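Taken from TrEMBL as is:
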| type | residues | note |
| --- | --- | --- |
| TRANSMEM | 20-40 | transmembrane segment |
| TRANSMEM | 61-80 | transmembrane segment |
| TRANSMEM | 100-129 | transmembrane segment |
| REGION | 232-429 | region 'Disordered' |
| COMPBIAS | 266-280 | compositional bias 'Acidic residues' |
| COMPBIAS | 326-340 | compositional bias 'Basic residues' |
| COMPBIAS | 348-429 | compositional bias 'Basic residues' |
Amino acid sequence: MCITITVGETGRKLMGLSTTVINIAILFLSMALFVAGVAIRARIDRRLEIMGDYDPGALPYYLMVTAVLLFVGHLIAVWFCHSATYVESRSDQHHFFVGVILAVMVLFALVLISIIVMSVHSSLIYGALEDGIRNAMKAYKTDLDSKMRVDHLQLQFECCGVESHKDWFKISWVNTMYINVLSPEVKPYLVDGEFVKDDVPFSCCSRYAKRACVHHSVSRFSQFEGISGGTLYGEDAEKGKKDDESSDEDEDEDKPKKRKRKRADSDDEDDDDDDDDDDEPKLKRGFKGVFSSLKKGKKDSDSNDDDDKKKKKKKKDKEKKDDKKEKKKDKEKKDKKGKKDKKDQKKKDKKAKAAKKKAEKKKKKDEKKKKKAKKKAEQKKKKAKKKAEKKKKAAAKKAKKKAKKKAKKAKKKSKKAKKSKSKKSKKRK
């Protein structure tokens, strides 16, 4: 039983044009697949030295051949669909329709196979890279080429170690030729004659860190109190970078809000993350994390020269933004410090004024007390003088009285004596 579908001329034109557009889109996708095959071949050639025993085999060539077949097949399909759109060219080419459908089905099967092959090889590449990088890390102290490759990869992909920076803690990556093995500071870190310590190479240092890199004694990060965030490539550095970008956008959008906003601590830049200072920083991103993001299509550092230029421009812009932010933060710090100093000076002046007032009040009270004491002393002296004068007057009066009495007595005696003499003289006569 056959199902017949009747389609008008306008419907045929729409179908022809839509299939033509779809095939043109697939043409561009096939070109992208070809470029992907070439890029995989080139990138694997660059990394073959560090991939251990991995052999890419015919994967890139298979992708390139599939892309060429897709391009040719869908180019023919474009020609057929476009010609089938119009009545003038439709009658001669309608018998090719079944062949075109079969070719498209075969190409679809090839695409599915290529997807399966790529997924298998991606897991193989992932494991080979992990093993190769671990071997290169072990040869870091003896092989200069391995050292240069590892440093280049860590700087290029902004990562540290395979799984995290702690991978370096388990490996002796410093040659004992350059260490004083007899030093008491070195002896605790010697394991079977190899130097193993919680240090990481310089290439782990994040270029986005705003302070000097801490890549020695990393696990004792709590000694750097008052500082938040890590200085190695990892989650903290990424968070710091994203926070800076988001804070920049917020500053540009709402400047008045930023002026009103007060940070939680006294000096917020210095104290904002004090709760996390005593913990070891979370620096967990290594090669494994980077290449897992590459696997998902999030990382493509070697795409082309234009991308590199754009990245450089972006980095320069970010550095400029960071410089502007730092300057703004320094200005804010200075302003805050100036305001705090002014407030402190005002408080000190108020305290000094209050102390002066208290001292003046005390002086006044003391002066009043002294005046009262002087008055009392003067009054006492006056009273004593008056008493002394009274006593003197009384004594003088008494002495006068006594003198008068004595004088009277003497007069009386003299009178008596005169009388007695006169009597005696009379008797003699």
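Positions of Cβ are set from backbone N, Cα and C atoms, glycine also.
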Folded-back contacts onto the transmembrane segment (20-40), same chain, C-beta under 8 angstroms, at least six residues removed: 56, 59-64, 66-68, 70-71, 74-75, 77-78, 81-82, 85, 114, 302-303
DSSP-assigned states of the compositional bias 'Basic residues' (348-429) in counts, ordered helix, strand, coil: 81 helix, 0 strand, 1 coil
Tally of DSSP helical, extended and coil residues in the compositional bias 'Basic residues' (326-340): 15 helix, 0 strand, 0 coil
